[in-house]
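A.B. asks: Take a look at the following structure, please.
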Amino acid sequence: MATIKEIKEILVQINRLDDPRLATFRKDSRKGVSKLVDQRIKSIKELIKLKEEHSKRQEFEIKLYNEGINWIAGLDEVGRGPLAGPVVAAAVILPRDVESLIGIDDSKRLNAKKRQKLEHAIQEIALDYAYGVVDNDVIDQVNIYQASKLAMLSALNQLKLKPDHLLIDAMELNSPIPQTSMIKGDQRSVSIAAAAILAKEYRDRLMGELDQLYPHYDFKHNVGYGTAHHMQALKDFGPCPIHRRSFAPVKSFGND
C-alpha cells in the first residue's frame with residue numbers, strides 16, 4: 001500500500017477528473033488520503049473553470065485572427081476616480097499563445113500579489129507594450145473622460161509595432177486603426193485585461209513615488225482615492241500640486 005506522502009506526490013500530477021487513479025484513491029479508507037483526494041478534485045475543478053473562462057476571454061482575439069488580423073492591441077486605463085494623481089493607460093500586443101496568462105481577470109478582482117505575478121507574465125510574453133500618462137493639470141483642463149482618451153492615444157502612439165486592430169474598454173478613440181469598443185472589456189478580452197493590469201501596476205508604483213513627495217495624504221495606500229485618511233489630510237493641509245482641482249471634493253478645500 002502506498003504511503004500518504006507517495007499518494008500526495010501522485011495526486012499533484014493528476015489534472016483530469018476522469019483519471020482512474022482518483023477512483024482508486026477514493027477507495028482508500030485513510031482519512032488523510034480522503035482529504036488529499038478531495039483537495040485535488042477541488043483544485044482540478046477550479047483549473048477547469050479558469051481554463052474555460054480563459055478560452056472565453058480569447059473569443060474576440062480568435063475571431064480577429066481568423067479574419068486575417070495579426071497584431072491586436074488591447075487598451076485600457078486606470079485612475080478615473082481618484083482625487084489626485086494622473087490617469088494612466090496601457091496598450092499591449094499579445095502573442096496568440098497566452099496559456100501563461102490563465103487566471104487573468106478584471107484587475108479590480110485581483111489582489112496585489114496576483115496582479116504583480118500576471119504583470120510579469122504579460123511583460124514576458126508581450127510582443128509590445130507601452131504606457132500613456134496624463135497628469136492632473138490636463139485632467140482639470142479637458143475633463144477626466146477626455147484625459148483618459150489622451151492617455152490611451154499616448155500609449156498607442158508609443159507602441160513600436162503598429163497594431164492592425166484595437167480592442168478598447170468602453171471607449172472609442174480618434175484613430176485610423178480599426179477598433180472594437182466593449183463594455184466591461186477587461187472581463188471579456190484577454191488583451192484588454194492585460195492592458196488594465198499593466199496600467200494599474202504602473203500607476204500604483206507611481207503613486208507610491210508621489211507619496212514620498214507628499215507624505216501627508218497616504219498616496220502609497222489610497223493611490224489618490226478619497227479615503228477617510230485622505231479627506232482628513234485635505235482638511236488639515238489643503239490640496240497638494242497633484243490634486244485634481246476640478247473634482248468636487250477637492251474644490252471645497254481651497255488652494256495649496
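Cβ from N, Cα, C; glycine included.
In TrEMBL, annotation is done automatically, which means it is predicted and not curated.
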A.B. asks: Figure out which of D164, D169, D204 sits with D76, E77 in the divalent metal cation site per TrEMBL.
C.D. replies: D169
A.B. asks: Using Cβ atoms only, which residues of the same chain lie under 8 Å from D76 (divalent metal cation binding site) while being at least 6 residues apart in sequence?
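C.D. replies: When sequence neighbours closer than 6 are ignored, D76 (divalent metal cation binding site) has A89, A90, M152, I168, D169, G185, D186, I192, A193, A195, A196, A199 within Cβ distance under 8 Å.
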A.B. asks: Give me the count of other Cβ atoms within 10 A of the Cβ belonging to D169 (divalent metal cation binding site).
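C.D. replies: I count 25 other Cβ atoms within 10 Å of it.
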A.B. asks: What is the Cβ neighbour count of E77 (divalent metal cation binding site) at a 10 Å cut-off, with all protein chains included?
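C.D. replies: Around the Cβ of E77 (divalent metal cation binding site), 28 other Cβ atoms lie within 10 Å.
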